[in-house]
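What follows is one structure encoded as structure tokens, with my remarks underneath.
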Amino acid sequence: MVQHKLGETLPLLHKYNVEKGLHFTKTNNFGARHVQALLMFFGVCFSYFLRVNISAAIVPMTQFNAGYASYEYWDSRIKSLILSSFFWGYVLAQVPASMLARRFGGKIILGGATAVSAVITVFHPLAVVKGDWQLLCFLRVLVGLMQGVVYPCLHTLLARWVPHSERGFLCTFVYSGAQLGTAILLVISGSIFNSNMRWPGIFYISGSIALLWSLIFLLFGCDSPRNSNNISKAERNYIEASTGATEQSEDVDVPWRSIFTSVPFFALIAAHCGFTWGFYTLLTEVPTYLNSALNLDMKSNALLSALPYFVMWILCLILSPIADLLIRRHITSVTVSRKLFNSIGQWIPMMCLIALSYINQTAITLSVVLLTVAIGFNAASFCGYLVNHMDLSPNFAGPLMGITNGISNLLSIFAPLVAGVVIHNEEDPEEWRKVFLITATVYFLCNLLFVVFGKASVQPWNYKLRNVASTSTNNGSTLTSISTIAYENNLTSSTPG
């Protein structure tokens with residue numbers, strides 16, 4: 001039985017190469033992996049255009065617009081159903097998407113699904129031309145079904161493209177596209193609503209941009225360094241040696257029983273659920289809160305709704321290098337780092353929401369500051385739960401993300417629905433207090449479970465590896481290659497906390 005510590009992990013392919021003298025050199029220059037990361041960053045950014053547009057549009061859609069269609073008779077229950085319907089399809093897609101990405105590659109699944117959801121988005125205004133909110137809900141379900149592939153596909157792609165030593169920053173950079181996309185769309189929404197396009201314009205613009213990105217990604221994206229024609233040999237060797245990715249790993253059976261009996265994995269589910277409940281409650285309800293409870297006009301609403309997400313994006317880029325630095329300098333272990341930053345990302349927002357619940361609604365500036373801090377510091381969670389899938393199992397990061405994202409987004413369905421049940425009068429601060437306190441409670445309990453039971457060590461079930469050795473003779477010399485595909489009895493992992 002071979003024992004490996006996390007510091008030596010490797011990827012058995014890397015270990016083998018080193019033992020045989022097949023050394024690789026780290027490439028610090030801008031390379032193909034950075035191009036792929038940029039493509040994925042903008043993919044996340046524009047994908048969030050497609051999911052956030054309805055949160056911004058629901059305000060002008062339900063207010064009187066002279067000379068244009070409006071649906072002021074839609075009550076809070078109908079609006080909550082419309083806002084939550086995206087997640088009905090989104091949840092269903094998670095695990096199937098992760099398996100499709102492993103089978104066919106993340107590129108074609110991600111690019112194709114984004115193109116389809118973009119086209120559907122363009123048809124949103126036509127769906128409600130007669131006030132048919134049920135048809136709009138149906139289209140949002142379809143968009144959610146297509147967008148459900150994003151995170152599982154990204155995790156599958158990142159596991160192949162991002163070297164272990166660069167995982168913290170590059171992965172956080174890619175996923176920070178969500179915050180930038182949210183912020184950009186909310187900022188421009190006010191101008192769109194006041195233009196001749198009115199509220200339908202946000203669907204036309206977001207759909208068109210996402211469609212353009214999908215075409216570019218299908219042309220220039222790659223599933224792995226091995227499939228890229230625009231990568232140097234040195235960079236390909238560096239990435240493959242430091243990730244241990246092999247083509248054969250796609251054929252490995254996912255150890256479902258081991259995954260669903262893993263306590264650290266259930267702690268990860270809890271952390272993901274806490275983040276998702278809080279993030280999407282605020283994402284879907286803040287524009288309405290600013291408009292109804294704080295009485296801000298549409299343009300001010302758009303700018304102030306966007307501000308927290310700009311702050312969150314900036315903090316993503318600041319906090320992720322700090323987290324990596326603390327680990328590299330051995331100031332914190334990987335496990336402590338994940339728990340520390342996840343606590344910052346969920347318990348600081350928790351305290352802000354509790355404070356927001358009890359301040360006077362006339363204190364507009366303080367309310368906006370608390371909302372900005374609450375949403376902005378969610379960024380720290382990206383250095384916590386979001387990369388923990390790869391900590392627990394680099395080989396099965398995609399399926400793990402599919403499971404946790406699917407379960408957590410079941411809560412995303414209920415978050416706006418709970419708000420709709422609680423809030424009968426959108427101008428009543430007492431009813432908003434209940435929504436904020438419910439969200440704060442979810443933050444506290446979910447992160448507590450992660451702090452107590454979470455780990456950042458590679459789990460034994462990641463290593464269901466079988467060694468497949470082959471030899472070939474070339475000019476009289478024997479070349480030996482090994483591929484690392486899993487099976488449980490060959491390797492155990494022992495990692496320091």
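Cβ from N, Cα, C; glycine included.
Listed features, source TrEMBL:
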- 36-458: domain 'Major facilitator superfamily (MFS) profile' (DOMAIN)
- 38-61: transmembrane segment (TRANSMEM)
- 81-101: transmembrane segment (TRANSMEM)
- 108-127: transmembrane segment (TRANSMEM)
- 133-157: transmembrane segment (TRANSMEM)
- 169-193: transmembrane segment (TRANSMEM)
- 199-220: transmembrane segment (TRANSMEM)
- 265-283: transmembrane segment (TRANSMEM)
- 303-327: transmembrane segment (TRANSMEM)
- 339-359: transmembrane segment (TRANSMEM)
- 365-388: transmembrane segment (TRANSMEM)
- 400-423: transmembrane segment (TRANSMEM)
- 435-454: transmembrane segment (TRANSMEM)
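Using the rule of three or more Cβ pairs under 8 Å, pairs at least 6 apart in sequence, the transmembrane segment (303-327) is not in contact with the transmembrane segment (108-127). The listed stretches are 38-61, 199-220, 265-283, 365-388, 400-423; of these, 38-61 has the most Cβ pairs under 8 Å to the transmembrane segment (133-157). Sequence-distant contacts of the transmembrane segment (199-220), counting only residues of its own chain at least 6 positions beyond either end whose CB sits under 8 Å from a CB of the stretch, comprise 35, 39, 42-43, 46-47, 49-50, 53, 56-57, 60-61, 65, 68, 107-108, 110-112, 114-115, 117-122, 124-125, 185, 188-189, 192-193. Counting Cβ pairs under 8 Å that are 6 or more residues apart, the transmembrane segment (265-283) and the transmembrane segment (435-454) reach 3 or more and are in contact. If one looks beyond the transmembrane segment (108-127) by at least 6 residues along the same chain, the residues whose Cβ comes under 8 Å of a Cβ in the stretch are 43, 46-47, 50, 53-54, 97, 100-101, 135-136, 138-139, 142-143, 146-147, 149-150, 153-154, 157, 199-200, 203-204, 206-211, 213-215, 217-218, 221. Looking just at the domain 'Major facilitator superfamily (MFS) profile' (36-458), the mean pLDDT is 86.
With Cβ pairs under 8 Å as the measure, the transmembrane segment (169-193) is packed most heavily against 38-61, out of 38-61, 81-101, 365-388, 400-423, 435-454.
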